[in-house]
């Protein structure tokens, strides 16, 4: 019988008992009046009594008016004769030989029942986690060795974090090995990293490897509608831990309960702060927690209370970053182990094309590839399935049903060709993977690169990156003699990147190596209320002029490259219009002046050659505003150097916007 059924039966029983009590105390009173024997005889003489029931000395009956009565009669041998003479209906019953204790029980039963119900409710409030009113009990789940099926063998790409947690397991297994030189076993380990990097998976692996009791709970499980419940659950959690020591306690998403105190607005008692205070006391208070190690995970370490992060509570902060190319390859191999993979699949190529992907992203990529292969009725997943899955994850599904005019396709081809050609001609840029004018998601075209894992970015690299972003706009101006909305997202990203270069990276000669402006990323209410703009209006104008200069220089660089290689741009656009997609190798052949091989074998598309005369500029097209169907709204947000890269124009995983330029054509 499961917990839900037990609770349902429990509450049904309580309801029935309460109904019975209600009926007992709500029975009509006053219908049967108590008469003295004299009054009874008097009413018999006057003919007011219609019927009586004699049971020993107890007489009950009914008056002619319908009112009931009761009385006690002494030993009167003429009583029955008198009643019969007055035409009273007489019923006789044997005397009730009820024992004294039954009489006492019946008289006290309602009170005893109420006391029993009260005791039951009190025990439920103090009882185990599965009981109906166990508000103060911890909701931590005990993970057994049999149910923990994940081990460290299933974790890849985060070797340093895995090593740290392996030590934690060793601490519990052989504590004397580490304490013999006076060392102290860490009391807590905080796993920090972006979403999807494997923090919870690591904790599940610890549960499978530890060989000691492992309690798992979410930070939100401490929060309840009643005041004081959170602190009570924290106390109960550590009580369970001490009873089962040595043991591990894992709190997932600890930022739900561990946020910085004093960060809210307004007065009043904060239940969350009371819960946090109790957690701080339990982790490092007067009482010792020997043998209890706390592991917690969060992707928002910036909002945690400093008292929670100090040594003695969380002695170790283990960073779980997005994996590098080798880590991504190992993660792909782990997830692909349950999928039949074709011989031609190269996991290293897939790993290189997915910079910035977390472990969850890579697992989703393998799953999408398997689903695509199954949809095509294949027996194995091949490279084309992974390629399609990657494009779908990054940019969305192909929109073959989208109707584009020939002019829109032409504009998109030159736009994407401008991105690709500028990126290929500039030194030190990323390797081009492919260019396509097949609409995906909200983009009309995609130029995709294979960026390397970079941890810092030079000014030259970022300036070339800006030129690549503006290559699409420069191509439109050069070929069409007109500008379109297709470069809206490129311009937005270029402006953000230039602002980062000036205000964050100190890459402006006019302003020098200084940082300007407040940090707007991840604003935390209460912590950022005191921020202010730390520069003057004159400096603000200088910042604006430097941003404009950097973007304008990149635009001129892109224009110059395209003007010098105009015939190659025409060849790229022609190839895109014929094939819809060209690879990086195809682009290299076009730059070298070579013909592309037939697309589909001997009977396929004829070879593509560079046109000798440029296509005539035209302005006969209708633009769609950005955000309309076919438009593009991917955001490329340059972050601080050192974070992972992304393989798409969503770019929020890449400081430099590495990956692909999405757009081209009106509204892109």
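Note: Cβ is positioned from N, Cα and C throughout, glycine not excepted.
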Additional site residue, 343, 346, 490 [criterion: listed by TrEMBL with 415, 419 for Zn(2+)]: 490
TrEMBL annotation (transmembrane segment) - matching range among 56-77, 78-99, 100-121, 122-143: 100-121
Proximal but sequence-remote residues of the same chain as residue 193 (ATP binding site) (Cβ under 8 Å, at least 6 apart): 199, 299, 319, 320, 321, 322
Other CB atoms, at most 10 A from the CB of residue 416 (active site): 33
Coarse DSSP state, helix versus strand versus coil, of residue 416 (active site): helix
Between residue 490 (Zn(2+) binding site) and residue 197 (ATP binding site): CA-CA distance (Å): 29
Cβ contacts of residue 194 (ATP binding site) (under 8 Å, same chain, 6 or more positions away): 299, 321, 322, 358
Residues flanking the ATP site, with Cβ no more than 8 Å from the Cβ centroid of 193, 194, 195, 196, 197, 198, 199, 200 and excluding those residues themselves: 297, 299, 320, 358, 359, 360
